[in-house]
Amino acid sequence: MASLIYRQLLTNSYSVDLHDEIEQIGSEKTQNVTINPGPFAQTRYAPVNWGHGEINDSTTVEPILDGPYQSTTFTPPNGYWILINSNTNGVVYESTNNSDFWTAVVAIEPHVNPVDRQYTIFGESKQFNVSNDSNKWKFLEMFRSSSQNDFYNRRTLTSDTRLVGILKYGGRVWTFHGETPRATTNGSSTANLNNISITIHSEFYIIPRSQESKCNEYINNGLPPIQNTRNVVPLPLSSRSIQYKRAQVNEDIIVSKTSLWKEMQYNRDIIIRFKFGNSIVKMGGLGYKWSEISYKVANYQYNYLRDGEQVTAHTTCSVNGVNNFSYNGGSLPTDFGISRYEVIKENSYVYVDYWDDSKAFRNMVYVRSLAANLNSVKCTGGSYAFSIPVGAWPIMNGGAVSLHFAGVTLSTQFTDFVSLNSLRFRFSLTVDEPPFSILRTRTVNLYGLPAANPNNGNEYYEISGRFSLISLVSTNDDYQTPIMNSVTVRQDLERQLTDLREEFNSLSQEIAMAQLIDLALLPLDMFSMFSGIKSTIDLTKSMATSVMKKFRKSKLATSISEMTNSLSDAASSASRNVSIRSNLSAISNWTNVSNDVSNVTNSLNDISTQTSTISKKLRLKEMITQTEGMSFDDISAAVLKTKIDMSTQIGKNTLPDIVTEASEKFIPKRSYRILKDDEVMEINTEGKFFAYKINTFDEVPFDVNKFAELVTDSPVISAIIDFKTLKNLNDNYGITRTEALNLIKSNPNMLRNFINQNNPIIRNRIEQLILQCKL
C-alpha cells in the first residue's frame, strides 16, 4: 500500500554517491552548524603565511598574583591586597596617613628570649621589648592613632610562611593576625583611607580583593613553588604602569603588510536592527483549531549613519532551542485548541546575522581576532486574536524576554539574489515581565516569548554595540576576494518552503475521494512517488536520495530507530531469563506501552492522559506489523503523492523538507483499535478511549488490564472510520455485521464501496482526514 513509501525511506535503501555526501556536509556546515571559535575564526585557509602583527585587545585580564616588585614607597589603590614576603628580621613595612593612622610591622625570628630592640620607624628611633618562644616567625603590628601617642602592639601574626598582608577597603585597613595555617583578617577604621601610603622594605605582590581567598591561601600555606626559585626577579613598581592606547570606534589599521597581502584591523560601531518571523497555520474543519504557531527566519534591510557616513545593513534573525506548548480546550470540534505553539525562554538562543556595505565586510574571508561587545535588549510580545466563528475570541497576549550578547562568529546570509559573508551574533535569553496568557482559557501567567506576535507591532528591535576583527586582504584595495558562495545565486529556501506549504494546504479541497482511495491502495515506491515532477529517471533517483537523507532525521525515523534498539535489548534480556513471555511483556517493542497502560490508575483523567500518549506510539507498532486494512499512513502518502503531482512549486530543494514534514504532521488526530472476539478497544491521540461490541456498537467498560495484554500481542489497526462515525452510520443507515467488521478493520474495498455510493457520513470522515493533511 501507499505507506510502503515510508518503510522504504526508513530502510535507507538508496545508495549515496560521494558528490552527494560532500554537498550535504558543505550545506550542513553552512546552514545548520554554529560554533564559537573564540579569538580565532576563518572560513578558508589563507594563501600565504600570516605575520603575527599587532594584536589589539580591549579586554584586560588581571593576574591573580602580580609581582614580585622591589621595595618602594607608594600609595596603594583601594581594593588590592599588598602581600609582603619578609626576608629578614626588623621592620617589614610602615604605613600612615599623617592624621589618625600610624602602623608598622616588625619581624621577630623564632626562639628569642625577652629583649629590648631599637627600630627606626617613621624617621624616629623606637625601642620595643620583644620575644618569641615558638618555632615560627612573629610579626608584631605596632600602632598609634596620633603622632603624640606611643606605639603599642595591637595584633600579632605567628607564621612559618613569613608573608604579611595589608588591604585598604571600605573605610578600614585590613591585616592578618593569629597563627598559620589558621590566620584570619581584622580591620581598623580610619577617617582618611585614601591618603594612606606605605613604605615596604621587602619584595611584595599585589592581589585583587576579588581573589581574597587566594591571598588567604598564600598567607597560611605559602607562595606557589615557582615564586620561590632564583629565576623570579623582582621588578620596580613603575613597570606596572603601562600607557594604554585605546583604538578609535571606527577606523582601519594596517597590522602587517607583504607584497600581495596585508592584514587590516577593522573597528566598527554598529546598530543592529532585526525582527522575528513567524508562521500561524489554521487547521481545517469548523475553524476552531490551530495546528501550528512557530518562529521563522526573518530578513531586514535598513540604513543608518555611522560617523556621518550612510551605511546600508542587512540582518537575518533566527531562533534555536524553542519550547513547544499546546492548548486543548476540549474534545468537541467547536472547542478551541492549538496543537503546537513555540515559545523562546532561558534555554533558547537568538541568532542575528549582520552585514553592511563597509570595507570590513568586503573581504571577509580570512579572519582572526574577532571580538564584539553589544548592549542588551528587551523583546515584549503583543496580542494575537484567534478568530473563531462563534463566541468570544481567545487572545494570546504578553510575554517578554531579554537578549544578552553571548558570542560572535562568521556566517553566511542567503538573500534572494546573493549570499553575504556576515557576522553571526548569538544572544542568550532571560525571561522577563510580563508573563503571557491566552485570555478566556486556562493558560495564564506563563513566562517566555510566544511566536504569535513577537514583534508587538514594532517594525524592528534595535541593539547598539561595536566589533573588531583582523582580516587578510589584498594589498590592492580595488581587488575583492572571491567568495565561494557567490558563484551561484540561491533563492531563500525558507521562503520557498513557506510558499509551498501554503499551496499544499490549499490543494486539500481539490482531491477526489475515489482517486485518493485508489492511490492509497497502490504500492507507491520511490520512482512512482516522485516521478511526477520530472520525467528523467536520473533526476528522480537524485531526488529520492535527497529525500532519504533528510528523512533519516525525522521524528518517525528516530522513533523507529529507538524502537529497534528496544527490541534488541528485550531480545537479549529475554534470552537470559527463564520466563520469556513475562520478560517480553515487561520490555515491549514499542517503548513500554504495556507498562504504561498497566500502571494506569482507575482515575478517568489518568487513563485519558496515558491512552493519549500510548496512541501516538501505536503508529510504530502498526508500521512493523502491517495488516490487510488501510492505515492512516496510506492516506497520508496518497495525499502527499496527489499534492506533489498537483503542485507547481515543488522542486529538488524543497521536496525533502516537504516529505519529512508530511510524515510528522499529516493527520495529527489518529485513532487505533484492537480486536478481540466480538469486542473492540479503541483509543485516540486526544486521550479518548472506547470499548464496544461489534454487533450492536453498545459501549462496554474499558478494561485497562485487558488492553495491556492485547496491546502487546495483537495487531494494531488504524481506525480510519472511528467509533463515533461507525455509530452515526449505524444509527442513520443501519449496517450489517460484515460491513461493520470490514469498516472496523479498515477494509479498503468496503471503504471504496461506501465512497462510490456517495455515503455522506463516510465521505465527510474521509474529507476530515484529508483536511488534516496540512503542513
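Glycine residues also receive a Cβ, built from the backbone N, Cα and C atoms like all the rest.
Of the listed segments 273-307, 413-447, 483-517, Swiss-Prot assigns coiled coil to 483-517.
When other Cβ atoms within 10 Å of the Cβ of Cys317 (disulfide bond) are tallied across all protein chains shown, the result is 24. The number of other Cβ atoms within 10 Å of the Cβ belonging to Cys379 (disulfide bond), over all protein chains shown, comes to 23. Looking just at the coiled coil (483-517), the mean pLDDT is 58.
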